[in-house]
Amino acid sequence: FLPLTSSRQGSVASEGSSFVCEGEGGGGSKIDEMQAAWNVTNAIQGMFIVSLPFAVLHGGYWAIIAMVGIAYICCYTGKVLVQCLYEPDPATGELVRVRDSYVSIAKVCFGPKLGARAVSMAQLIELLMTCILYVVVCGDLLAGTYPQGSLDSRSWMMFVGIFLLPMGFLKSLKMVSLLSFWCTMSHIVINVVILGYCLLQIGDWGWSKVRWSIDFENFPISLGVIVFSYTSQIFLPTLEGNMIDRSKFNWMLDWSHIAAAAFKAGFGYICFLTFQNDTQQVITNNLHSQGFKGLVNFFLVIKAILSYPLPYYAACELLERNFFRGPPKTKFPPIWHLDGELKVWGLGFRVGVIVSTIMMACFIPHFSILMGFIGSFTGTMLSFIWPCYFHLKIKGHLLDQKEMAKDYIIIGLGVLFGVIGIYDSGNALINAFEIGLPF
């Protein structure tokens, strides 16, 4: 189910969180623009990479254009979302950060109760499902690497969970940024290994095989992978708020997305030229050597494990913000001591979140496809539709017709992508239950 789940990863990995702003909880450490870039890169350079050549198979040059165009759109929606955090100071005219999260923007546009609840629920679903996705992917990759072994995919998921439990000790975005850096390094290794293999086959590349026609039956699923692979909006308000120099946020976002677009378009194009019409849904299946395939899958598992902390940290902070700030704001006391250390029961809560994601990955039937179905709604709302709607609502009086038209077009594209994703994932879910597959 990797191609189907990949869209969820992006979606998830998709999103702007109301997790604690600077100085709250344990997330007060400041980060520089490079550390912020590692986190954004972690979100948008996800597990989907192994499915991009398959998108070129069904979409040809249009798939490559989509990889670049959607990068531009998602970079734009990330910027306008962060713009909505600011208002001009009446006295000086300078922009002042008056909101600290995705939820605080939603409160202005949707009302304090409906806005906060709707966005918080969508965020939590996105983040937790992203965490579960990584566990599912690890299990599937390891089971595929050792098909004759005594462990099935669920057993491998539980094994991987051993390495996830220490993440309950994460206390700051700076620590998450370090793990995101090593996640990016594993991503580079995967690119180098697979692209190196492809370059050795350059004499057999099928230049004429890339076409301008589209396979309308299968391309929408691949388009969903591309769309949701770029969604990082859920993390951006907090990343920007925790940056040492916020003026470099746009620079950081631009170059993160330029690099992602170049990597994705190049990887998808070169791998398709190599394997042509034999390109598999998961490109590692095209690697004939079992040892070579095992090496790539090993780094993909490392990448999945190192991708887990970002959505996990965001989900924990979101839960803490809504339930653990102490009376009268919330019913439950804070999970942090005044010196910034976790309380014992707070650590238990954080580890419990990890255990729950592992259990859901292991025991919910067809969870991978279900994630794609739900994520097609929450992902498009959080990453395409709501940022542009907020921009029109809060900044509409300052926008010219061209900027307003751009927002409306992106909202329309978000609706289109959401409908396509819900339709395709819904059909896949129906077929899965009819076939009776266990997962």
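Any Cβ shown, glycine's included, is placed from N, Cα and C.
Unlike curated entries, TrEMBL annotations are predicted automatically.
Summarising the annotation, TrEMBL assigns domain 'Amino acid transporter transmembrane' to 33-423. TrEMBL lists 48-73, 124-144, 156-176, 188-207, 251-275, 295-315, 373-392, 404-423 with the feature transmembrane segment.
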Message: So, taking each listed stretch (48-73, 124-144, 156-176, 251-275, 295-315) in turn and counting its Cβ pairs to the transmembrane segment (373-392) that are under 8 angstroms, which one gives the highest count?
response: 124-144
Query: Under a Cβ pair cut-off of under 8 Å, which of the recorded stretches 48-73, 124-144, 404-423 contacts the transmembrane segment (251-275) most often?
result: 48-73
Query: Where else in the chain does the transmembrane segment (188-207) make close Cβ contacts, counting only residues six or more beyond its ends and a cut-off under 8 Å?
result: 49, 263, 266-267, 270-271, 273-274, 276-277, 283-284, 287, 292, 295-296, 299-300, 303
- line: Spatial neighbours of the transmembrane segment (156-176) not adjacent in sequence (6+ beyond its ends, CB under 8 Å) are 26-31, 35, 39, 135-136, 138-139, 142-143, 238-239, 242, 301, 305, 308-310, 312-313, 340-342, 347, 350-351, 353-355, 358, 361-362
